Structure formats: C-alpha cells, structure tokens
C-alpha cells in the first residue's frame, strides 16, 4: 500500500515529528509498503535527510503568496508553526500529490486539525493523526498519542466516533535497534555507577541549553575521569560554540552530530541529561535514568508523568540549571537512586510499539498491500 506523511521540521518546531514519522515509514517499508513525505522548506528542515533514507519528498515552498480573504476564525495554539494558513497548506499539499491516491495519510503537525484533514481527505482512504496535545479536533480513522499519563478519554471529544485510539508509550514509535539492545542495556544497569553521561537536548536546541548544561556540570563534583557524550543536530545554531566550550571543561567530552547509533550510546550511558519529548521513550526502553530538561510547554505533562513514575527527574530551564543541576547530579551519583530509576524507566515501554502501530494500520485497511 501507499502511505503519505505530512510533517515538518524547523528551528522552531524541532526534529521530533519528522523523526518519529521516519521510524514509522521505515517499518512500513520493511513490510513492503511505499511512503512519500510532504514537508515545508522551513529553515532547519530535514528534507535532505528524508531523501537520503530513500523516501520520496514533495517540498512545500516558503514563502507563499498571502491570500487576504483566508481568515482563520479559530486559530490553533501552534498555528504559526505552519508558516502559512492551513487552507494554503492544504491546497499546496493537494497540489504536490495531484493525481495520486494513498491508502493512508499520516499527519503529525500541531498546526493542523480536522479542517485540514477533511480538506485533503480525498487523496487517501484513511487518515492517521499523531498527536501529543489533545487540544484540537481531528478527522481521523486512527489516532496515536504515545505519551505516559495520557488516557483515551482525553480524546473523547476530539476524534470521530469509531476512531481507533492508540494511547500510551506501549505504542511509542521506536526504531528496532532499541528493542534489540534492551536486554543488554538492562543487564548492565544492575549495580552500576555514574561514569558516563549522555547529553542530548534535541536536534535543534535553538537556545543552546546544551551549553548551559555543560557549564553547570563543570560546577558539579563529577570525577575528572567522567566522560560526557554530547549529541547535537547539524542544524543546531550553537554547534560551533559548544565545540569551543568543551575544550575548557575538566573532563573528557565528545561532540557528535546527526548520529545513527543513538541506541548504542544510550546503552553505554549511566545517565542522560536530555530534552523531554519523543526520545524519552527510547531512554525508557533501554532503562536509561534521565534528568529531563523541559524546553517547551507541550513537554510538561509528559515529563511530569515520567517523574511521578520514578523513571526520570525533571528540571525546567526556568529553575536555573546552574544552581539546580549540579546538586541533582551529585545526589544521583551518591544515592544509589540510579538503579531504581532504571528499573522504573524500563517498565514504561518495551520498544515494540512501532510494530503494533503498523499492525493497526494494516488491520484497519483490511490487509491492503
């Protein structure tokens, strides 16, 4: 079957929406299905990466002519992420997919809702919405929200009757290597100490939280033999600044860009200081204790749920990383709490969610190939 994805990456949006769609597309391709992406050319987009992975990409241009009579009487909270009106986006999407038909249209965008989904519905037999917010209506046959603490009732008034909702981290879209390394990673977490820290604050990190974290860690009591593994995206505005900063730190630090071995890096780490968001489920699958840095309001509820589950400790940028992070790292290194955090993180998800989502899509399609 043919599947179309509508998702964007940008300096403002980040990379998470496109990356989890790529994970789903990879799984669909492994089962013999064909996937096409529709993405807008925002600064910081991942169009080149998608193409490098062998998927067809239809680009939506920026800017587009402003149409004065297109008014949005009910603008969404993240409407500005789109860069154009939802009507213009829908028309452009229909244009780049003209003459084609798909079994599924997968939409992963906070700036799109039922109005857009109904406008473009004729190009696909079924629509799947990937969401985290439960803040707007969808016109979909399948809904995925992979967040801990989310309940199906949260979408009761947002999806049509008969929509199948896949809710919770059981359905987290993780690449297969995470499940493959799960047993090895969990085994090494019994009685381990804090020697290696993975720092990963998202593919963009436009406010250079990475630099703030490194500055704070320099004030902690980490031993000089500690190793910091810093992972950043190629589009991160502060990449060069971070590379210069690490030369002044008292411990070993490596800075890697656009890595393809994140599962292995997580497996080797004793602690992660990372952004709240989709990568939380990767860390949970591998039982990696995490200090979660909340970078945006839409990450707060998921981060809070992980904290309440004992799988992570949460720190907000507003808390002042320089004051609170060193104390928290020192406490975790001495208390033995890391082992307990690892066990509770591992209980959140086992890494098989992508297969479950593909199974659901095929089931709803009646086994269409």
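Every residue number used here counts from 1 along the chain in the order it is shown.
Using the three backbone atoms N, Cα and C, a Cβ is placed for every residue, glycine included.
Going by TrEMBL, these are the annotated features:
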type: ACT_SITE; residues: 17; note: active site, proton acceptor
type: BINDING; residues: 175, 282; note: substrate binding site
type: DOMAIN; residues: 197-345; note: domain 'Glycosyl transferase family 28 C-terminal'
Neighbour tally for residue 282 (substrate binding site), based on other Cβ positions within 10 Å of its Cβ: 24
Looking at the recorded positions 17, 175, which sits with the largest number of other Cβ atoms within 10 Å of its Cβ? 17
The mean pLDDT across the domain 'Glycosyl transferase family 28 C-terminal' (197-345) is 91
Distance check, please: Cα of the residue listed as 'active site, proton acceptor' against Cα of residue 175 (substrate binding site), rounded to an integer number of angstrom. 14
Counted with DSSP (H/G/I as helix, E/B as strand, rest coil), the domain 'Glycosyl transferase family 28 C-terminal' (197-345) has 72 helix, 31 strand, 46 coil
